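Engineer: Let me begin by handing over the structure; questions about it come next.
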Amino acid sequence: MMWFKKYQDLFLVKLFSVNSLGVILRSVLAIISQKIIAIFLGPDGIALMGNLKNALALFGMASSAGVDQGVVKYQAKLENRRGLLQKLYSTSLAYSLLGSVIVFLILFFGATFWSNYLLKTSNYNYLFKILSFTLPFTAIYNLCFSIINGKSNYIKATVLSFSTYTLSSLLVIFLVSYYQLSGGVLAVILTPILHLLGLLIFAKEEVVLLLKARIKFCKIFKIKLGGFLVMSFTAVVLSNLVDIQLRNYLINKLTTEDAGYWTSMSSLSSYYLSFMAGVYSLYVLPRYAKIEKYSNYISELIHILKFILPVFIILFIGMYFFRITIIKLLYTEEFLPMQRLFKWQLIGDFVKIISVVMAYKLISKNKWKLFIATEVVSYLLLYVLGVYYIEKNGVEGIVFAHFLRYLLYLIIIHFSVKSVFNRSKK
C-alpha cells in the first residue's frame, strides 16, 4: 500500500490504471468471443483467422500510410500551434489518401490471390473486394486515434478503443455462431465500418479537425512524416508477413492444428501485452519526445520499468501455473496441447516489454534508418530461428525462437539507442 501511495499522483500510474481497466473489460469480451471461435472453428479455423487478422493489420497500416506514430509525436510537440497542426493534418490525410488508393488496387484486383494465400481457398475472394472499399475508414480511425494519443487524452483513447473492440467482438460472436469460418472472415472484413461508427460516437472533435484540413502535402511535414511511413511500413509489413509465413510453414511442415495452437498462444500474448499499448503511445512516446539527454532517458526508462515489470512478473507466474485452466476457459480441451508453449512465450514477452520500451526512443528521435535496420534484423532473426527450431523441436521451437529473438533484439536496441545519444552529444 505504501508503494502505491508513493506513485499515486504520477501520470503514469493514472494512465496504467485507466488503460488496465480498458484492457480488463476487453479481456472479458475476448474470453467470450475466443471461446465461441474455439468451439465452432477449432485450431484449424483459428490458424486461418490468424492469417486474415495479420493481413487486416498490414493493409490497415498501409491505408493510412503508416504515419500514425508521426502524428502522435508532432501533436504532442506542437500542442496548441494551430497553424502547424493544420499542416500536420493536411499532410497526414494526403499520405492516407495515397495509401488507401494503393491498397484498394492491390486488394480489389488481387482478391483471388489473397484468398488463396491467406485462407487456402479462392471462395472468399469477394470479401477481399469488400475490404478494399472499407479500409479507408480504418485509415481515418488511425489518424483520429493518433491525434487523441498525441494529446495524451488517455481516457478518451481507452473509451474509443474499448467501444470499437466491443462492437467487433459482438459481430464476431454473432457471425461465427451462425456461419462458422465464413462468418468469422466476414466479421474481420467489416471491422473498418465499426471503426467509423466508433469515431462518430466518441471522437467527433478529431473527425471535425480532419474534415476541416485540406488534403495536400505540406513541405514541413512531408519528409518528417515520410520517415515514420518507412518505419511503420517496415515494422508492420515485416511483423505480419513473417507471422503469415511462419504460420503457413507450420501448416505445411507440421499440421494446421499446430499452427492453430501457436496462433492461440500469440493471441493470448496480445491480450496481456495490450496493457502496454496505451503506455507506449500515450506516455512513452510523448515523454521521450521531450528528452534530449542520455541521463534523463535512463532515469525515465528505469522509472517506467520499475513500475511495469513487477506487475508483469506476478501476472506471468500466475499464468504459467494456471495455464491449463486458462486454456479451458479461453478455448476448449482440444487446445490443451498448447500448454507446452507457455514457458518460452512468457519469458520472451517479458524481454520484449523491456526492449520495446527502449526502442521507442528511436521512434521519438525520428531515427528511421536505424529503427528500420533493427526491425529488419529482428524479424529476420524470428523467421530464421523459427524455421530452424520448428525443424528441431516442432511447434515448441517457434516460441523458443521468439525468446531468442527478443534477447538478441534487446542487446541490439541498447547499443543503438546509446549510439544515438553519443552522436547527438558530439
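Glycine residues also receive a Cβ, built from the backbone N, Cα and C atoms like all the rest.
Remember, TrEMBL labels are computer predictions, not curated facts.
According to TrEMBL, the feature transmembrane segment maps to 21-42, 93-114, 126-145, 157-179, 185-203, 223-242, 271-289, 301-322, 342-363, 370-390, 402-421.
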Engineer: For the transmembrane segment (342-363), name the stretch out of 126-145, 157-179, 185-203, 223-242, 301-322 with the most CB-CB pairs under 8 Å.
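Structural biologist: Going through each listed stretch, the top one turns out to be 301-322.
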Engineer: With a Cβ cut-off under 8 Å, give me the same-chain residues at least six positions beyond the ends of the transmembrane segment (370-390) that come close to it.
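Structural biologist: Sequence-distant neighbours of the transmembrane segment (370-390): 230-231, 234-235, 238-239, 242, 245-246, 249-250, 253-254, 359, 362-363, 396-398, 400-402, 404-406, 408-409, 412-413, 416, 419-420.
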Engineer: Can you work out which residues elsewhere in the same chain, 6+ from the ends of the transmembrane segment (21-42), have a Cβ less than 8 Å from its Cβ atoms?
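Structural biologist: Same-chain contacts beyond the ends: 49, 158-159, 161-162, 165-166, 169-170, 172-173, 176-177, 180-181, 184, 257, 260, 264, 267, 271-272, 274-275, 278, 329-332, 334-335.
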Engineer: When you scan the chain for residues with a C-beta under 8 Å from the transmembrane segment (126-145), skipping those not six or more beyond its ends, what do you find?
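Structural biologist: Distal contacts: 56, 59-61, 63-65, 67-68, 71, 89, 92-93, 96, 99-100, 103-104, 106-108, 110-111, 114-115, 157, 160-161, 164, 185-186, 189-193, 195-196, 198-199, 203, 206-207, 210.
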